[in-house]
Amino acid sequence: MQLTEKEDAVLEVQLGATRSEGGTREVSYRIGGETKLPFTEAEPDRLLVALEICDETQFWPPVIREYVGDLADQPDEWAKTAERTWGADLVRLNFTSTKQRGFDDFPGITKTMEQVLAATSRPLIVEGSSEPELDSEVFRRCGEAGEGERLLLGTAEADRYRSVAAAALAYGHAVIAQSPIDINLAKQLNILLQETGVARDRIVIDPYTGALGYGFEYSYSVMERIRTAGLAGDADLAMPMISAATDALAVREVREAAAGDRDAMAVAWEFYTAFSALAAGASIVCVRHPMTVARLKNALAAMQPASGQKEV
Amino acid sequence: MAMKALEIYKLLPKTNCKKCGYPTCLAFAMKLAAGKADVELCPDLDPETKTLLGGATRPPIRLVKVGVGERSVTVGEEFVLFRHEKTFYHPPGIMVHISDTWPEEQVRTVAEDVRDSVVHRVGTDLMLDGIAIRNESGSPTQFAETVALVEACGDLPEVLIAADPAAHEAALAECGNFLPLIHAATDRNWRECAALAKRYGCPLAVRAGDVKTLTSLVRNCVGAGVPDLMLDIAPGSLREFIAAATRIRKAAIERTDPDLGYPIVFDTVPLGITDAALAAGVLKYAGIIVTEPLSPASMEAALTLRQNIYTDPQKPIQMTPGIYPVNEPGRDAPVLLSVNFSLTYFTLLGYLEASRIPCHLFVVDTEGLSVLTAVAGGKLTESLVAASIKQFSLNEKVDHRQLIIPGYAAPLSGKIEDETGWKVLVGPRDAAELAGYLEKEWRT
Ligand code: B12
Ligand code: SF4
């Protein structure tokens, strides 16, 4: 029995570029391409788990600062450990330093970009500026330092997309397009981005993910709606999705957990949120706790279609 | 296929005699179309029409109850594939697995844990639902003894998991009157299992690895007089479960295969993967989920996920609007304006109770929207605030005329002042800063 009447597919987006593709990555990924609801096709999944790191940890959850220890001061080592030890498919580098009042260390952005790219061998997601005034310079630097690498660059929003789009266009990257839990706003932003010249297959939708227990149900449903709209033939919503429950480690359940239980609670909260996002149609889930990465990877490994899977 | 209200109406007597309890035949037709009424209520239908309508208007998924009393779980009666299409109504029962090979102490600890563990969230107490006892010893006597042990811990709903009907028979002698789910009738043992289910009036799970066998088991068991069935597709992997459950749900709600119109049971234990399977069961259509015992963190996250997914998308969990006293406030205590989204209320309350500052929490009806969402969506307005002050007689509760509004509602401060005549103070955005703010700023 068929689940979706039409056979339209989620668009394919390439992340990262190998040497032969003009970059320096050892692998590149293609996400998207699905023609059915999540976990119901016979094809192997192309789902990715990203570990988030940052360049200024005063804005990062205490539970992670404690867990990663000294790595927190070295984004490149942190990124390397994420790929080699914790098993992340890729890293999402957040320039949290740009949240500081009066930030002006632009050369530092370029330097961190270069270091992290040198330390990693897989595609890279980069979260550039947190301040509208800094957008153009920060995104330009991120884009330039990653030229040819096919970064996934974020974040474009309805009233703040020109600088990211410009950097992506100039240096050949893909863009994260974030809208606040609303299918129409997601579509509008995708159209705006395409009008500036960003190709359809260089856009990844971020429908905004509220943390489990704190609005997650809205995010879950909007992801399902975007996925089914894409499969039903709406080309401006047929992009793959990325989900990051940015507040998942700031919730009361994690903050107020006893010291000995805090890691377990953090991992459970991130895992249930991220796994559910995958079930709703996300292609990339981003988490912050290294142990969540392993749990998600295990679950996904157990979910790959077996060659002898029975048709029921 | 489902029938529309007008199609149904055409088949009714159209006399508006009200014997069905509805004012008109059309009203009755609308209830039938929504799956909310029983054709039997109209005495003037010929048997043929009754059968036709009965098949098309009963809920697409049968409502089935497991257990008795307060902790019993009722599942089924779902109408959609995606929660945004309407809502999901009956959250799955989560049953924790116990083996009859475990030592008594372990059985008791797990059962008591399920009985007593509570997660408090946004004004609701969330709990696991029951116990699934598995016959791994091969001995009916030992199975029955374990069931008796669980029974002694309290009246939790039970799932009896055994392949051997003799084991079920022994166990049902202990707990048959408490409506346990008998798991499972297969093509080998369905006669005996169905007979037991019929004798005790219990729900029965049928289990087969393919839909064809599953539906023939359903027909057999219904024929043997057991109406309350559940389906177990015996998935070999989590992926198989999701794919099969999705197909079954779709076939059921579209009524393309009436024999699939029953709740789904998902026994996750044989898969050896706990959290992902539990999440998948909650998200993808399970009615009963059997799981390994859970760590406190997993339990809290799983129950929260279930609460989220089963919240009506059109109706966030809401507080009744009104004035809530916090920490025994007097007539000079501050009044804090907020919205009736439960999450907002309980977040605020948490911080306020911790700070021990007496105040009146003045909750207005924003239809369950958060502060920012209500402001952005035009649901929190000066006229609503003014009307609510009147409605709840705020004037009579305090001697001062000052209103502290949330930081996110700052754009409304002038308008609220003009409309209400109360002096408006703009509080912080984040509830975490509220205590510090009140200590510094509050004067009457
Ligand atoms: C979930 C959500 C929704 C849900 C609604 C959930 C709900 N029940 O409210 C849905 C999807 C329906 C929705 C819809 C809309 N949303 Co919306 N939504 C959110 C989201 C992600 C979370 C909101 C939330 O649950 N917050 C948690 C609660 C607890 O917060 P709170 O009520 O504000 O309470 C806190 C404080 O205000 C304070 N507080 C509360 N009371 C008081 C009282 C006093 C005295 C004090 C001092 C403090 C205080 O304490 C609390 C804890 O700190 C936010 C983004 C975000 N991260 O905030 C966007 C957001 C609020 N939405 C937004 C918008 C624009 C909308 C829409 C208009 C358009 C859209 N679709 O996005 C619609 C409007 C809906 C309508 N019907 O008209 C914007 C608002 C922009 C702005 N700055 O004005 C936001 C900020 C997203 C964004 N970045 O653009 N949304
Ligand atoms: S009992 Fe039958 S005939 Fe009478 S109002 Fe109801 S539907 Fe119409």
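Placement of Cβ uses the backbone N, Cα and C atoms for every residue, glycine included.
TrEMBL annotates B:Thr344, B:Gly368, B:Leu369, B:Ser370, B:Val371 as 5-methoxybenzimidazolylcob(I)amide-binding residues; of B:Ala286, B:Ala431, B:Ala432, B:Ala435, the candidate listed for that same site is B:Ala431. Sequence-ordered, the extra residues of this chain that approach the [4Fe-4S] cluster site, with Cβ no more than 8 Å from the Cβ center of B:Cys17, B:Cys20, B:Cys25, B:Cys42, are B:Leu12, B:Pro13, B:Thr15, B:Asn16, B:Lys18, B:Lys19, B:Tyr22, B:Phe28, B:Leu41, B:Pro43, B:Asp44.
Here B:Leu369 (5-methoxybenzimidazolylcob(I)amide binding site) comes close to B:Pro316, B:Val339, B:Phe341, B:Gly377, B:Lys379, B:Leu380: these same-chain residues lie at least six apart in sequence, with C-beta atoms under 8 angstroms from its C-beta. In terms of C-alpha distance, the listed binding-site residues B:Cys17, B:Cys20, B:Cys42 place B:Cys20 closest to B:Ser370 (5-methoxybenzimidazolylcob(I)amide binding site). Screening the binding-site residues B:Cys17, B:Cys20, B:Cys42, B:Ala431 for a C-beta under 6 A from any atom of ligand 2 leaves B:Cys17, B:Cys20, B:Cys42. Contact annotation for binding-site residues (B:Cys17, B:Cys20, B:Cys25, B:Cys42) versus ligand 1: none, no CB falling under 6 Å from a ligand atom. Nearest neighbour of B:Cys42 ([4Fe-4S] cluster binding site) by Cα distance, taken over the binding-site residues B:Thr344, B:Gly368, B:Val371, B:Ala431: B:Gly368. Nearest Cα neighbour of B:Cys25 ([4Fe-4S] cluster binding site) among the listed binding-site residues (B:Thr344, B:Gly368, B:Val371, B:Ala431): B:Gly368. Residue density at B:Cys20 ([4Fe-4S] cluster binding site): 23 other Cβ atoms are found within 10 A of its Cβ, drawing on all protein chains shown. Residue counts for the domain '4Fe-4S' (B:1-59) under DSSP (helix as H, G, I; strand as E, B; rest coil) come to 30 helix, 0 strand, 29 coil.
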